[in-house]
Structures are given as C-alpha cells and as structure tokens.
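Straight from TrEMBL, the features:
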type	residues	note
COMPBIAS	26-37	compositional bias 'Polar residues'
REGION	26-56	region 'Disordered'
COMPBIAS	42-54	compositional bias 'Low complexity'
REPEAT	113-144	repeat 'PPR'
REPEAT	145-179	repeat 'PPR'
REPEAT	207-241	repeat 'PPR'
REPEAT	269-303	repeat 'PPR'
REPEAT	339-369	repeat 'PPR'
REPEAT	370-404	repeat 'PPR'
REPEAT	441-475	repeat 'PPR'
DOMAIN	585-677	domain 'DYW'
Amino acid sequence: MGSGKCHSLAFLRTFPPSTHEIETFTSTKQDPDANSNPPTFPSTSPSHPPQQQTDVVPNSHMKLSSHVGNEFAPFGQHGFNSVISSNNMITQYIRCGDLDSAIRIFEKMTVRTTVTWNSILAGFSKKPGRVDEARRLFDSIPEPDTVSYNIMLACYSSNGNMEVAKNFFDQMPTKDIPSWNTLISGFSQNGMMDEARELFLAVPERNSVTWNAMISGFVESGDLESALKLFKLAPLKSVVAWTAMISGYMRFGKVQIAEKLFGEMVVKNLVTWNSMIAGYVENNRGEDALKLFKVMVELKIRPNSSSLSSVLLGCSNLSALKLGKQVHQLVCKSSLHSDTTVGTSLISMYCKCGDLEAALKLFLEMARRDVVTWNAMISGYAQHGAGEKALHLFDEMRNEGIRPDWITFVGVLLACNHAGLVNLGIQYFDKMQEDYGVKVKPDHYTCMVDLLGRAGKLVEAIDLIKKMPFKPHAPIFGTLLGACRIHKNLELAEFAAKNLLDCDPTSAAGYVQLANVYAAMKRWDHVSWVRRTMKNNKVIKTPGYSWIEEKSVVHEFRSGDRIHPELASIHEKLHELERKMKLAGYVPNLEYALHDVGEVQKEQLLLWHSEKLAIAFGLIRMPVGTPIRVFKNLRICGDCHQATKFISAIEGTEIIVRDTTRFHHFTNGICSCGDYW
C-alpha cells in the first residue's frame, strides 16, 4: 500500500434486490451438468427412475431406533402412491440433514422400495462417523442395486476409509461409471492422487465428473502442474474444472492468471464467484474482492454463506466497518439471517473492526451457536484486552455442553496473556490435553512464550521452548525476540534473532526487531550492521503504516507522510495537540525514535508517526463524539501509546487503535491494556 492513499469503499452502499433463489454448491468436485453421475453421493430421489429399481419389497421389521414417534400414521396401507409420498418425505428430510425424522417415517412404512432403503442409507452416509450403522443398514437391504453399492462406497470414501472402500469396490457385482467416479473422487479428496491416477487410467469410460475429480484432486494436493495438464486434455471442460483451476492459481498467488480464466468462462456458477472472491481475500486484495462481490450482487446472483464469509473477512482485513455493516444489512434481508456460519463471520468482522459491543449483541441474539461462534467471541474479547470476560465466556461455553477445540484454547491463552494472568494461563495450558483431550499445537506454545515473555519471564520462556515436542517454528522466536525488546535483554534478543533467521532467513521482522533492540541501547554501529546484512541478503522491510476509514473511504498514512492531500491541516492539528500534551505533562519518549539524529529531529519524527497522523486526521474529519478507529500493520510504539492516552483526555474522545497483537481502547487518559502490552 502506498502512503497517503484514499480508497473509496462506497460502492456497496445499496444492494439491489434479487429475485433468484439461493444457489448452493457444496463441492467443487461435483458437476452440476452431470446429475446422473454424482461423484460423492448418487441421487436417492425417486425422480430418477433410470438409476434405481422401484420394486416393492415387504418390511423386514428392521428397527433403526428404539424411539418411534406417533406423529405419522402407517404408510404402507395406502398403496404405492403412499410409498412414493413417504419416499419423497424421507428425501426432503435427508436433504435438510434431519435424519431422525426420516428414520421415523422409514420405521412406520409397511412397504419399502429399494429407493426407500437407498434414501435412508444416503442419510447415514452423509453423517461423519456413522459408517458401521450405514453398513448394517446396507446389509439389510433386501434387493440392493448399483446405487445402493455406490452410496455405501461413497460413505467409506467420505470417512477416509479408502482401503476398505477399494476392497468394497473390488467386490461389487456390477460397476457403472458413477462407481468408478465415486472411488476416484474418494482418493482425490483424501489426497491419494497416485491411486486416483491409477483408477483414472483404468476406468472404461470417462465423463466430465471423472475429469473434474482428478483436476480438483491435483489442485487440492498442490500439484497445479498436473492439474493444468489434465485441464488442457479434458475433452469437455465443465464449470467445475474451470473453477478448480481458478482456485489453484489463487492458492499459488497467480492472481492474474486466475482473473484471465475467470474472464474467459462462458458459464459461471456461484462456486466460481466464491473462488474468485475468496482468492482475492487470501492474496490481500480485499478491495478487489468487494468490488467483485458488488458485481455479483448486481447480476442478481444471490450469495451463500461462503460468499458472505469471504466478503466479511475482506472487510475485516481492510478494517472497513461501515462496509461490513452494509453487508450485515444485506444478510438481514436475505434467508441467511439465521445462518450460523454467516452470523459467526459477522461477529468476527465486528470484533476485528473494533466494535465489540455490536459483536456481543449479535452473539447474544443468535439462536444457534457452534464452537466456531464461541471461539470468535472469546478471541474477540481477548484481542480487545477483556481477558476476564473472555474467560467467563469460556466457562459459559463449557456449561452449555460445547466441547472446546484447539482454537478455543488459543483464544483462552491470548486472554490470559493480554490480561497479564500468567499463572492462570499456565494452568489452562497444562490442563488442555489432560482435561479436554486437546493436543497442544505450535500456536499454543507461541501464546505461552508470549505470555511468559511479556511478563518478563524470559528464562522460563526459553525453558519452555527447549521442552517443545516438535521443532520450534519461526513465530516462536519472533515472539521471544519481541519480548526481549520490551525488556531490553540484548543477550537473549541476539539468541532469539539468530534462531529466527535460521528458521526463516528472509524474515524482515527478525532483522528489524534486532535493530530496534540495538537502537534502544544506542548501539548504532550494530544497527548499521543489521541494515547492511538485510541489504546484502535482499530482505525488504515491510513499511509501517496506519489507516482510518471515513465516509467509506480508507485513508492510509506512513510515518513522515508527505503525500496525503490534507497533510497541512493534519500537521497543524498535531502541533496544537503537542502543545496541549506537554502542558498536561507529556514528555516524548525519544527511545522510540530509532535514528541516530539530534533530539529536536527525534521529537519531530515521533510527532509524525503514522498512528498520530491518522488520529489527527480522524479528529479533524469525524463528528464530535464519534470514536476514532485507527489500524496499524505493526505494533504501536511506546511513545504513540503514551501520547494517545493524553490525546483521548484532551479531546474527550474515545480512540481505538488495533495493531498486530491487540486492540487498545483509550478513554479519558487511560488505555484498556493497563499499559501491559
């Protein structure tokens, strides 16, 4: 991002109403144009008579559940039409994920067709971990057909039992093309591309589903070269294959090629649009993602939960709160207003954009919360320094019977870290696996090193690193280096920097942090050496910048900015604030002016830090009483932190600053972090 830039985000001020139904695509490996050959779950709908037998078979009195509801009258006595009606109801329940209701109808039926059995079997096969029940049901089918075998095969594949799936495939009395496609898809989805390729070469006839499964599999496994070869060879390139290639190019950062493919596509489905939007966000091109989303909505293509989650993540990355609110309005007007995934994405967006109050309101209003929802709110509290609230919410989560996962504990440890609850953090870390069965991951160790290091327990942090059951990764030493800078421990800083650069020789953060430690101790010769080493190794430092959103326009500032069109007014405001701050007792902390220059110049450099420029701009342009929300791509410096406390008291305005580690809420001269950050 260039300094002083202004980006308009007003293009989503209104959303045109859509008359189209919501389209849902659950897998990039399924060809919507090949309904007769689904790669994962063959159709169980009675509207496909060529695929299934409709022979009526008597009830074998098999019971699937000890509980049978009384809502349904016996179905078999009403004849064949009643069987078809019951089958349709079962299929609808299965499609909605309500297996229990489907089973109740199934158990009431006195006459069942093979379609009936296959529908229930598909219901079990779509539920992870219920393979054994599905197999018992399959073995009970009086007259299984090829579709029955294909559903059971898909069940083994979707549960990762590929050895069993291959043996089952080999023993099938008859195999059609969907049988081959199902097994090929299973191997592809489980990353077993050698086995998938072997089957692909042996299949007696290939259709678009066969090609899609292989192309998507190579993309998912990271073999873009093989995917491209097959894509070029495919006689019929379906929308699924095109979309898979777009996803692959986006994943490897080849955005321009993905854009070219997208432009060449004659037919696009919702998954295609979602892949482009998500790809832009993953490649830090949030504005492009939002622009494409606008085009999609204008074309009356209704977004699904995946579309909205990507767009909201783009809003979070840009810290575009107003735009995020516009997307929220769109959600409220759609049938996705009660969708848990979308609600969770909104909570995360509000937390990351600094509006914790709106996030909590939405959290409390949600009818259904899953573990991801709880994690989003716990992490939100942690990022905003509300450690005790985060831990209280964690207790509520457990009381409601929600089982925490490893991400939950990242949030819990962050909460302890930002609140300075060192001993409690250690207790949670020690109890994670023993009490909750959560395996410790590198992210948890990074949190613990930060927890200990921030508290000045640097030796304990190093001891923990030495006890890790796996090789420490770069973030571990980066975190330790940051703690060494805070506590001015040069010896351990050099140790951390050496190990960080051994893990990642291109890490600009390692060089910069070490140079900052030397600068704080006035070791200017060492600072020069670090900078020369960076230059010799062609390591480029990420420039620090801050940004603020005003009337749907994002304004960016670099330290010492000379480009922004309102710079003269901003400097005038800063000089006014400087005079008032000094009268109130502010003394510039020259330690954070990391240049070997005179004191007057150092004060000037500090006054023009990017976060101060953004705050001054906000005070000039925002209505009185409106919270000032500033975002920075690096850690806020100590002098800016101190100065912002003074400014919040002088101006009587809440100032919220988000840096790379947390939110700081400044009100009446006090920061929410309690100066522990």
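Residue positions begin at 1 at the first shown residue.
Cβ atoms are placed via backbone N, Cα and C, with glycine included.
Helix, strand and coil residue tallies for the repeat 'PPR' (207-241), in that order: 26 helix, 0 strand, 9 coil [DSSP]. With DSSP states grouped into helix (H, G, I), strand (E, B) and coil, the repeat 'PPR' (145-179) comes out at 26 helix, 0 strand, 9 coil. Confidence across the repeat 'PPR' (207-241), taken as the mean pLDDT and rounded to a whole number, stands at 94. Outside the repeat 'PPR' (441-475), and at least 6 residues removed from its termini, the chain residues within Cβ reach (under 8 Å) are 406, 409-410, 413-414, 416-417, 420, 422, 425-426, 429, 432, 482-484, 486-487, 489, 492, 495, 499-500, 503-504, 507, 676-677.
According to DSSP, the repeat 'PPR' (370-404) comprises 26 helix, 0 strand, 9 coil.
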